[in-house]
Amino acid sequence: MVLYTSPFPNSFLSVLHSFSWGLIFPCYWLADRLVASFVPTTYEKRQRADDPCYFHALCIIITTPIYLALLVASLPFALIGFLLWSPLQSARRPYIYSRLEDKSHANGATLLTEWKAAGSGKSFCFGSANVCLLPDSLARFNNVFNTQARAKEIGRRIRNGASRPQIKIYIDSPTNTSISAASFSSLVSPQGGDSTNHTFNPGMKRTTSMEYKGDNSGSNSGEDTREDKGRTREPNEGEENSCIVRINGEDNGHMSDTETDAINDQAHASCPAEPLLEGDAEVSKTPNHKQKEGDSGSLDSCSASRESLVKVRVGDGTVDQSSVNKLLYKASIMKKTSVRKKKHTDETFDHEISAFFPANLDFLCLQEVFDKRAAEKLKEQLHHYFEYIVYDVGVYSCHSCCSFKFVNSGLLFASRYPVMDAAYHCYPNGRGTDSLASKGALFLKVQVGSTPQDQRIVGYISCTHLQAIAGDTTVRCEQLDMLQDWLSEFRKSTSSSSTANPEELVAFDVICGDLNFDNCSSEDKLEQQHSLFTHYKDPCRIGPGEDKPWAIGTLLDPEGLYDEQVCTPDNLQKVLESEEGRKGYLVYPTSKNHSSSQKGRKASLKGNGRRIDYMLYTEEGLYLEWKVEVEEFSFITQLAGLTDHLPVAMRLMVSTGEDDP
């Protein structure tokens, strides 16, 4: 299948389309600004409350007649442009595939080594987020604004979070030998050649919420433990950009107060500022992404959040090895102690509320990237980490859909692995305002490696966004039916294998997206019982109508986006870890049987908010000799103040059943 790298098949149509849009854009921009001036966000309302001279009201009185006059003047040109633009959409391709040719710009990414299906397996990390990049006037109805600046900052935060090194700590102790992903703050991050020192903010030091996953099988003998003491373990195949540290469990895991103070003093004196990536020096113009002390959403602050994976470089001589090891061990012990209250012993994987996107994020699915200029800015930022991006997905005008489409599907896909095939389908049954957008499903096939026998190792990823209007249960169920049918057709049409002679081995099949229904609301029972959940597994779900105790809602209350308690990734993470905090800042399902007041409604319902953003995976249709299981699931707060949804991430382990060579 040919991947489309331009929206039109030839340059003539592209030029004609650019000309027609150039005639439409002034009218579109003026209308957008005019409406936006009358839809203030809560942040702007608070600012205006402190304005005794009513300066903003005066500006509106002056600018509104100007906007109206210019809008009327631009209407004839917009009409001509629309008459040219609309028929051109029948020749438009359903997406644009962008590949980073100059890899020197990918300064946040680590080059991937091809997986050869050797060793015990490989993990793949998937992320999904609804980023609410609508035209500014429409975005304000969700209490967010300045779409263009938000798009750039969202891309910047994602790439900075994903490009962090992944540290795994192996703890040797008399009672526990285990592996865990180090996610804590107060660690040294030395950078050679930079003598500038910064101090940590003591108020922001907190241990991680990541669950500590022990392995008390006793498979490692005492001789093995002694032999491995002090030795750094080599990464397994596929552990990109990772740092493996082995820590000895001497003195029963206790450290003296003298040692603790010495390590903390060294940490305070050894935290230089990390160099900004290209374009990072630009000062933000909106409060949605204003950096505050302790705001580690973009990794520019030394007072990193509890989940930050720090860059420990002991080879340059700037930090004493023994001090770093003691510090790592101390932090891991703190982590172990802090999560005992929350650990669910029946859970087989780690789960957390994280202030950062996972390190070594492999695939990213975004929804509501409707604004085309914002999509370009977002793409430019993501290309610092992801080599392959599919964006501007969808159809316009009356092309291949029942109703007229003014905007695209809003879907965007980014990958570190090459895309082999892609297909898009538009849901034909959209209703109300949703029918104005070409909401649908994007299906992708990626190559993640090859076997020694030259068999391709591939994976399938589907990204979708369902009907949003409350009460449209039958519409969403029909869309889920179409999603399954289209995915089955896509897999059949792109497969070049047969059972007798497999040319490809399927490693995973994942569905990501905003499904616009939750698993706890009584009004969403039909969706909860859909057949999709018999074929695909939801890591957060026990069954229809019941989520796991640690799962939280992903839809934030728009009215509270700019409250000081939640306006930074660290603060939002802290709030969401408490039940009372979740009740104050997450949207909960409505109930017909209870009071209309929000607090009364939340107190009467089970669950932890409306979880409408999903990550699903299946074991059906994969290579029979391999096993797929969830390694980690995260609710992410790194986009605090930038969108009204919580991103989610899932790390899958594909086990081949072979021993490490």
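Every residue gets a Cβ built from N, Cα and C, even glycine.
Note that the structure is predicted; figures quoted are calculated from it, not measured.
According to TrEMBL, the protein carries these features:
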COMPBIAS  192-222  compositional bias 'Polar residues'
COMPBIAS  223-236  compositional bias 'Basic and acidic residues'
COMPBIAS  248-257  compositional bias 'Basic and acidic residues'
DOMAIN    351-634  domain 'Endonuclease/exonuclease/phosphatase'
REGION    186-259  region 'Disordered'
REGION    282-304  region 'Disordered'
TRANSMEM  12-31  transmembrane segment
TRANSMEM  52-85  transmembrane segment
Long-range environment of the transmembrane segment (52-85) - Cβ separation under 8 angstroms, sequence gap at least 6: 16-17, 19-24, 26-28, 30-31, 33-34, 37-38, 44, 397
Positions on the same chain near the transmembrane segment (12-31), where near means CB under 8 A and six or more residues out: 6, 67, 70-71, 74-75, 77-78, 80-82, 84-85, 88, 91-92, 137
Confidence summary for the domain 'Endonuclease/exonuclease/phosphatase' (351-634), mean pLDDT rounded: 89
